[in-house]
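Structure first, then comments.
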């Protein structure tokens, strides 16, 4: 991998992480079009630290308040039904499914699903599901109305993001819409819920690479990955603000059509042998 290619992948990561179009799918596809080997699950996980840092900076006031009140509720100094403390508990509850599924299906995640036929299929299928959710959802519930049950359902939907092409934000936002939440509420909880999962995955992959030299992929380079991570942070920060404003006045229809079109393009490229199906 050249430095310019790492920079391009960083831009792609930042542009796509928070949109319901799957950042991992775009990293795979763009990497293949540039003639790269598989950057690996490690590259994706570590570069996502940049976009997750963007979430933390963008929502830092909310996050600090949530953590503070959550800690006070644990100490018994404020009731657990305090709005911010409650959100902290909801993020914890929603994170349980991804921890369990990630631990038990790590090999399948890192090997079996890294195939462009799967990516193209999930882009289209989950694009259609997002369209249905956006059309039939009531768009009435606010973030303050989130329940533990719904938080766990969000968490189960987040597990689908372990399959390349589904999209972490796409899966959780779809779940939120189906449960009747507004587009903005669904997106905000999706972003907050992703923080523990992405940080945990990213730092774990980084530890394996630095300490154990595992799972580095064909083209992994720590310096280049660091560059991609920084670029992903800057671009991702800009995208968050734009996305939240956009969905407050628009539907997800444009993202749905984009997913379907991209999936079809990948099928065509695979069918004509322009790019290989396997990511190795």
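Backbone N, Cα and C define each Cβ position, glycine as well.
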Check your understanding: When Swiss-Prot marks a stretch as transmembrane segment, which of 146-166, 167-187 is it?
Key -> 146-166
Review point. Can at least 3 Cβ pairs under 8 A be found between the transmembrane segment (116-136) and the transmembrane segment (191-211), with each pair 6 or more apart in sequence?
Key: no
Review point. So, does the transmembrane segment (89-109) come close enough to the transmembrane segment (1-21) to give 3+ Cβ pairs below 8 Å, pairs being at least 6 apart in sequence?
Key: no
Check your understanding: Are there at least 3 C-beta pairs under 8 angstroms linking the transmembrane segment (146-166) and the transmembrane segment (227-247), leaving out pairs fewer than 6 apart in sequence?
Key -> no
Revision key, fill the gap. Given the transmembrane segment (40-60), its same-chain partners at Cβ distance under 8 Å and 6+ residues beyond its ends are 9-10, 13-14, 17-18, 23-24, 27, 109-110, 114, 191-192, 194-195, 198-199, 201-206, 208-209, 215-220, 225, 228-234, 236-237, 240-241
